[in-house]
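Asker: I have a structure I would like to understand better, so I am pasting it below and will then ask my questions one at a time.
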Amino acid sequence: MAHDKLTIAVLGPGGIGGLLAALLARAGHRVVCLAGDETAAALDAHGIRVRSGRFGDFTVRTQAATTLREPVDAALVTVKHTTLDTALDRLPAAALGDALVVPFLNGVEHPDVLRTRYPADRVAPAVIRAESTRVAPGVIDHGSPFAEIDLAGDTVPRDRLERLARALSEAGPTTRVLDDETAALWAKMSFLAPFALLTTRHGVPIGDIRTRYRDELTALVEETAAVSGACGGPADPAGALARYDAFPPGTKSSMQRDAEAGRPLELDAIGGALLRAAQRHGVAVPVTARLVRDLTR
Ligand SMILES: NC(=O)c1ccc[n+]([C@@H]2O[C@H](COP(=O)([O-])OP(=O)(O)OC[C@H]3O[C@@H](n4cnc5c(N)ncnc54)[C@H](OP(=O)(O)O)[C@@H]3O)[C@@H](O)[C@H]2O)c1
């Protein structure tokens, strides 16, 4: 199976989806991008153009459609939370058959949403560490020197995960299969939530957050770690702080970039989900609650 080629649908060929679609297509897999009329037409006309220090600059053809109408091996879900419900209409369960459904969204609640629509044992959540931006339909800037994926899915057959992970790794992003879905999702959430909430609230990059707003950052990291630990995820506040300290000072979160551009924020999927988990487990999160309140105004 090492050399087999997959058929892969990508729902939402934006920063992450466009990058993965292009890399997989370049590696010889059959890729069908599912998008709205305008973006589907742009992909049909010009393909996907990627600019990446890590993977090179290239243009590749993929198929594009507005709704999935054929069986695939896997469907990567790469829209934002704010459009997830409507976008999923392009991915009818009946067309998917036995395909894996692999969401790359940040947050922790979307796998349950997907499991209400698709077979529970085919939903395999992924976490991606990368920075990639859709600058126009079909034009993707992959800015980070890295792209790493963790793929999980507690009830998904291991060989299906391994097969997709191999295809992704061979196409570019280093991909691991992890045993514990909850831990994988909360590991990302624990890092992301303090970074996203604080950079967006104060409108400054990480360098200013870790100096001017150090106390707030420390408190938020501790609250997030406590919630993560209560949910069965990792709880390593010192490790999270050390990672923020290692980031280039000008780094902005994608929530902050969305706020600057006037786009809807994934606030409910990140801050809201954190508050709901804290409430469920009786963890006090006063700093998180205040920040989410401030950002909701
Ligand atoms: N970008 C990153 O570096 C990064 C890193 C880690 C995790 N993430 C997470 O990955 C997820 C995706 O983020 P992103 O930055 O890739 O978002 P994005 O660049 O905005 O891409 C989302 C794509 O979804 C498409 N879309 C929106 N509504 C749709 C619909 N109803 N039907 C079909 N397609 C639809 C958009 O289409 P149009 O092109 O037509 O607007 C766009 O191409 C988010 O949860 C984010 O937090 C992102």
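The backbone N, Cα and C atoms fix where each Cβ goes, glycine too.
What you are looking at is a predicted structure, and each value in this text was computed from that prediction instead of being measured.
Below, the features straight out of TrEMBL:
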DOMAIN    8-144  domain 'Ketopantoate reductase N-terminal'
DOMAIN    183-292  domain 'Ketopantoate reductase C-terminal'
TRANSMEM  6-25  transmembrane segment
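Relative to the rest of the structure, where do these features sit?
Answerer: With DSSP classes pooled into helix, strand and coil, the tally for the domain 'Ketopantoate reductase N-terminal' (8-144) is 47 helix, 42 strand, 48 coil.
When averaged over the domain 'Ketopantoate reductase C-terminal' (183-292), pLDDT in the model lands at 96.
Sequence-distant contacts of the transmembrane segment (6-25), counting only residues of its own chain at least 6 positions beyond either end whose CB sits under 8 Å from a CB of the stretch, comprise 31-35, 39, 43, 48, 50, 52, 55, 58, 60-62, 64, 68, 70-80, 83, 87-88, 90-91, 99, 104, 128, 130, 132-134, 138-140, 142, 147, 163-164, 167-168, 171-173, 254.
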Asker: Using DSSP, tally how many residues of the domain 'Ketopantoate reductase C-terminal' (183-292) sit in helix, strand and coil.
Answerer: 84 helix, 0 strand, 26 coil
